[in-house]
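First comes the structure, then the notes that go with it.
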Amino acid sequence: MASLFSAIDWSKQSLWISVFSIAFNPTAWNIVARNEYRNKTITRLFGGNARYGCYFLAICIFFAGIIRDTLYERALNEQPRQQILPQPYATVVPAILFLLGQTFVLTSTWALGVTGTFLGDYFGILMDHRVEGFPFNVLRDPMYVGSTMCFAAGALWYERPVGLLITLYVYIVYVIALRFEGPFTDMIYSKRAAQTSESKKEL
């Protein structure tokens, strides 16, 4: 393992740009979403239409994700190549990881819908009930897990040891993001439940 991580060129600017973009995305979206919840900044830009505002944010998040993945691939390509897994595992393992990761990402997006996936609850677009079908009956946070698996798949496919280190970093970033995102989302739904209960009492 030590020999693998010694095959990392820390001087490459592309490595640090990739690391920055990975941390930037979830941090930026959490800040933007919390501001939206409190101040309705994006909603006001779309004439008070929260759904259009959420679609706009979804497009921003989607393309920022593409840029992040492109920067990751560029960082890998500029790093030394070294065999990580013996054949045929060097091909089979990353392919399976990527397919599973994409399955978790795509099926969770399908289950949640656009507004459920892209922070619609911060816009006041709340789901009627908790999604409990696949992949949420297998993983608590399938989108983040699936994304992390794809990062690992890229590292193994291109045989770049630095990718494994970046994958670990991705996991840590997601864990931190969830510590902020999860409780805030729970608060939004708890507040709605309390308001609904109060309205029923008034009736």
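Placement of Cβ uses the backbone N, Cα and C atoms for every residue, glycine included.
Per TrEMBL, V93 and K191 occupy the same side of the membrane [matching topological domain names].
With a 10 A radius on its CB, G101 (S-adenosyl-L-methionine binding site) counts 22 other CB atoms from all the protein chains. Within its own chain, the transmembrane segment (164-182) is flanked in space by residues 4-5, 8, 18-19, 22-23, 26-27, 30, 72, 75, 84, 141, 144, 147-148, 151-152, 155-156, which lie at least six positions past its ends and keep a Cβ under 8 Å from the stretch.
All protein chains included, L100 (S-adenosyl-L-methionine binding site) registers 16 other Cβ atoms within 10 Å of its own Cβ.
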